[in-house]
Amino acid sequence: VCRMSAIAQNTQEHSKRRVAYYYDSNIGNYYYGQGHVMKPHRIRMTHHLLLNYGIYRDLEVYRPFPASFDEMTRFHSEEYMTFLKTATPDNLKLYNKQMLKFNVGEDCPLFDGLYEFCQLSSGGSLAAAVKLNKQKSDIAINWMGGLHHAKKSEASGFCYTNDIVLGILELLKYHKRVLYVDIDVHHGDGVEEAFYTTDRVMTVSFHKYGEFFPGTGDLKDIGAGKGRNYSLNVPLRDGITDDTYQSIFKPVMAKVMDRFQPSAVVLQCGADSLNGDRLGPFNLTLRGHGECVKFFRSYNIPLMMVGGGGYTPRNVARCWTYETALAVDKDIPDELPYNDYFEYFGPNYRLHIDPSQANNDNTAEYLKKIQEAVISNLEKLTFAPSVQMQPIPDDAIKCLNDTSMLQDMANPDSRLHPSIMDGVTQDQGEFYDGETEGDDRRNEHNAKRAAENDDEGDIKRPRNDID
């Protein structure tokens, strides 16, 4: 392990890590359509586990501003964004040509509220980037983001706007070098393509390769022009386990940190690399997946964590809850707390999942060959690239600079508008297990699940009827 890693791991934390968490309760209402494997509802399930585990007490919880048209066109084309804003399921017949042009249809359906969904996802990553830029937090989390397949003028792989690219562009205003790491089972093609010719962003993707969407991410794809050797791809085979994954992840990433020396890291935590995913053929557990979060947390440099793929919702919620707990350095029990979606986690109602007996096609020889090839490319980087200093552009979310803007935007007819309440700090003792004070505790005598006792004979926690 490189020098930096050794120093980071031997240094005790001097103060509690500040973790910002972005969530909008509307995100779970969006629906890709009947039979579609992408379920935004998984983000709400994650949020409820965070609430009932009590992890939210260690987070700074924020509702992000929806990203504006102008903010999203910092990467995406105006024509494409205009289409997403104006096309709806009711008028899609008027947009047949554009739907073909922008790849909107089967995999990426046109559903109700699509543009607002994109605004929330992108807004969360932009806000997270600004929060890190302003040094208001050490780690920023946006599980609504991580949509890494979206291109400049094209939807792809269930992704419409690339919140990651927008977030990295924001980070580049303050950071000379940004590292992007993708542990989704699919190749992070949209992000790699966006930064393929620059040396200020290094993209590293660990993914299944070979007759698998999106078909890109070959070992030989290393960047072009100024960005040559700043794109790294680690193609993996079916059935990879926790130990074999970490046997290549840690040495490669330790070398990357030593050679590239990023001042900020963006980690895409796609949960479709877990065992039991509907689309992914890997065999990782939460511990193996979460080991990647631990690795970057140990470096104590600004870290942005975003969501991504994951098509078995109960396991996605487990994974992102566990990784949020890792971010705040909190141990949580394996037994799941009662929550609104408790039935989804049957039959064992446990946090952690077991690996399957699937064959691991990643032999030691294969991984050694891949690792040697990747590190050989890294050896060609003689020093970390520098950048000429220039005036810092305006932040995407200007209200963090000028808090009075929130009050100016508030509706004077609304008592205690959210823009004011978002700035109110609650004492630790004032938190509730629900999202709102009181929720339905006054009705708990009729909210208890009848005749459902745990092993000790205690009655289970009453149900919360909140979003």
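In case you wondered, yes, glycine gets a Cβ from its N, Cα and C as well.
Whatever TrEMBL says is automated annotation, not expert-curated.
Residue environment of H149 (active site, proton acceptor) contains 27 other Cβ atoms, counted within 10 Å of its Cβ in all protein chains. Per TrEMBL, the feature active site, proton acceptor maps to H149.
Here TrEMBL flags D107, G157, Y311 as substrate binding site. Taking a C-beta cut-off of under 8 Å and a sequence gap of six or more, Y311 (substrate binding site) has these contacts in its own chain: V37, M38, K39, D272, D277, R278, L279, G280.
Around the Cβ of D272 (divalent metal cation binding site), the number of neighbouring Cβ atoms within 10 Å comes to 25. Annotated divalent metal cation binding site per TrEMBL: D184, H186, D272, in sequence order.
Annotation comment: TrEMBL describes 439-467 as compositional bias 'Basic and acidic residues'.
When pLDDT is averaged over the domain 'Histone deacetylase' (36-325), the result is 97. According to TrEMBL, the domain 'Histone deacetylase' annotation covers 36-325.
What TrEMBL records for 410-467 is region 'Disordered'.
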For a quick check of understanding: given the listed substrate-binding residues D107, G157, Y311, what is the maximum Cα-Cα distance in angstrom, as an integer?
14
What whole-number Å value do you get for the CA-CA distance of H149 (active site, proton acceptor) and G157 (substrate binding site)?
6
Around the Cβ of D184 (divalent metal cation binding site), how many other Cβ atoms lie within 10 Å? Please give the count over every shown protein chain.
25
For the C-alpha pair, I'd like the distance in angstrom between G157 (substrate binding site) and H186 (divalent metal cation binding site), rounded off.
9
Whole-number Å value for how far D107 (substrate binding site) lies from D184 (divalent metal cation binding site) (Cα to Cα):
18
Check: same-chain CB within 8 A of substrate site center, minus D107, G157, Y311:
V37, M38, H149, F158, F213, L279, G309
In the structure shown, which of the binding-site residues G157, H186 has the fewest Cβ neighbours within 10 Å?
G157
